[in-house]
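**Q** So Swiss-Prot says this about it:
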REGION    1-226  region 'Pyrophosphorylase'
BINDING   8-11, Lys22, Gln73, 78-79, 100-102, Gly137, Glu151, Asn166, Asn224, Arg330, Lys348, Tyr363, Asn374  UDP-N-acetyl-alpha-D-glucosamine binding site
REGION    227-247  region 'Linker'
REGION    248-454  region 'N-acetyltransferase'
ACT_SITE  His360  active site, proton acceptor
BINDING   Ala377, Asn383, Tyr384, Ser402, Ala420, Arg437  acetyl-CoA binding site
Amino acid sequence: MALNVVILAAGKGTRMRSDLPKVLHPIAHKSMVQHVIDTAHEVGSDAIQLVYGYGADKLQAKLGEQQLNWVLQAEQLGTGHAVAQANDNISDDDTVLILYGDVPLIQASTLESLLAVRDENGLAILTVNLPNPMGYGRIVREDNKVVGIVEQKDANAEQLAISEINTGIMAAPGKQLKAWLGQLSSDNAQGEYYLTDIVAMAHKDGVAITTAQPESAVEVEGANNRVQLAQLERAYQARAAEKLMLEGANLRDPARIDIRGDVSVGMDVMIDVNVVIEGTVNIGNNVTIGAGAILIDCDIADNAEIKPYSIVENAKVGVKASAGPFARLRPGAELAEDAHIGNFVEMKKALLGKGSKAGHLAYIGDATIGCGVNIGAGTITCNYDGANKFQTIIEDNVFVGSDTQLVAPITIGKGATLGAGSTITKDVAADELVITRVKQRHISGWARPVKKAK
C-alpha cells in the first residue's frame, strides 16, 4: 500500500491576529506546516495532499516549489469536509495518514508507531491522556474497544469525564475512508462535518480500530494564538537542546540556546548562553562557542573556538582556529588550522592560512592569505572599484603593518614586510620592505585656530 499523507492547512487562524495564514507562522525559523511536511517525508510518504484555503497566494509563494498536491477547500466546513476535498487524489488501496499543519512537533517515530499498530484494512487513531481534557474530543470505549469520538460541545457529563482525547491524527484505508467521508453529516452543535465521526462508522462496519500514543503530549499540541506558538517554540528548543546534550555538548544553560536548523556536535563541546544556530551546522570535538555567537550554515573543526558575539555564516573554521570576540566570518570565509581573527575583524570570500592572524579591526575580502601571516590592526583589502571586485593574494610569512590598504588586484610576495600606514597599489616582491607613507613634517610655532565667539 502506498502512504498518502493529507495535511490540513486551510484555516485562517483568526486568534493569531495576523494576515499570515496560521500554518505559516514559524517554529525555530521554519513554518509550522513545513515541519509537518518534513515529518511526512521522514515517514516515507509517497504523496502529500496539502488542503489549503485562506492565504493561498502566501502559501504557494512559500511552499510552491515542493512536491505537493494542492487541494483547495473553498469553504471551511470542518475537518471531515477538508479531507474529503482530497478524495480525487486518494486511491482505494492507499494508506491515508491525516496530519495538521498547525501541529508542528509531531515526531516521525510516533507516526511510525501509529502505522505499525494499524491492521491491514483497519483504522488507527492517535490518542493521548490529558489531566485536563477541556476542549478536546473524547475517545469513547466499550469493553476497552474504541467505538467513537465525541466532541466537547456534544459530550454528556459522563463523556466529559473521559481523559483520553482525540488528537485528530489518524491512518485509514483509502477505499473505506472515502466511503465514510461521503456519509458525514453536519447535524451537530458546530454545524460542521467532523472527521471524528468516521470512527463510529468504522466501528459499525466492523473495521478494527487501534490506537497509539505519542511519547509526549506536546507532540500533538497545536497553536491557535501567539502565546501557544511561543509555548511550542520553547518545547521545540528544549527538545533540541536535550538532543545536543545527549550527543556530547555541554550547554551552559539549556533554556538559553536558539536552534533553528540541523546541528551536529562532537564530544566535549561547550556552548555558552544565548547562542543562535541556523541552517546546517557541524561542530567538531572540543569546540568552545562563546556567549551570543551566531552560527549559520557553517563547519567548525575540532578544538576551534568561536568567542563571544561572533557571527559565522556559510564559512569554515579549521582545527584549533579561533574567531572573536565580535568577529564576523561572512559567506566564503575560511580560517585554516590555528588561524586567528580577533575583535572587529570581518572576512568574506577569503582564506586565512595556517597560523596566520588578524588580531583586530580589519577587513579581508576576496583574498587568499598564506601561512604565518600577520595582518595589522586597521588593514583593509580594497577589493571593489565601484563596479567589479578583485583578488588580493598574500603569500606565506608576510608582515602587514597597521592601517595598511591593499588595493586589489595585488600580490604580496613571500616574506615581504609592509610598513604601517601604507597604501599598496602595486605587487610586492618576496622579502621586500615597502613603505608608502608621506614624509613626516615638523612645523614649529604652530597655533591652533581660535574659536569665534557666538
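The count begins at 1 with the first shown residue.
Any Cβ shown, glycine's included, is placed from N, Cα and C.
Situate these features within the shown structure.
**A** Reduced to three states, the DSSP call for Gly101 (UDP-N-acetyl-alpha-D-glucosamine binding site) is coil. Cβ environment of Gly101 (UDP-N-acetyl-alpha-D-glucosamine binding site): Ile7, Leu8, Ala9, Lys22, Val23, Met32, Val33, Val36, Leu50 lie under 8 Å away, each six or more residues apart in the same chain.
Across all of the region 'Linker' (227-247), the predicted model scores a mean pLDDT of 97.
A C-beta separation below 8 Å, combined with a sequence spacing of at least six in one chain, links His360 (active site, proton acceptor) to Gly342, Asn343, Phe344, Val345, Ala377.
DSSP classifies Arg437 (acetyl-CoA binding site) as coil under the three-state reduction.
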**Q** Suppose we draw a 10 Å sphere around the Cβ of Tyr384 (acetyl-CoA binding site). How many other Cβ atoms does it contain, all chains included?
**A** 12
**Q** Give me the CA-CA distance between Arg330 (UDP-N-acetyl-alpha-D-glucosamine binding site) and Asn383 (acetyl-CoA binding site), in Å, as a whole number.
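**A** So the Cα of Asn383 (acetyl-CoA binding site) lies 15 Å away from that of Arg330 (UDP-N-acetyl-alpha-D-glucosamine binding site).
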